[in-house]
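Beneath this line is the structure, given in structure tokens, with notes to follow.
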Amino acid sequence: ECCHPACGKHFSC
């Protein structure tokens, strides 16, 4: 799952 700001998320992987 993409979980970095560029993907619109800010969760930890």
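Placed from the backbone N, Cα and C atoms, the Cβ positions cover glycine too.
Under the heading disulfide bond, Swiss-Prot lists C2-C7, C3-C13, citing similarity to another entry as support. If you look up Swiss-Prot, you'll see C13 marked as cysteine amide, on the strength of experimental evidence.
Positions of Swiss-Prot features highlighted on the structure.
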| residue | record | Cβ within 10 Å |
| --- | --- | --- |
| C2 | disulfide bond | 9 |
| C3 | disulfide bond | 11 |
| C7 | disulfide bond | 10 |
| C13 | disulfide bond | 7 |
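Rounded to a whole number, the distance between the Cα atoms of C2 (disulfide bond) and C13 (disulfide bond) is 8 Å. Classification of C7 (disulfide bond) by DSSP places it within a helix.
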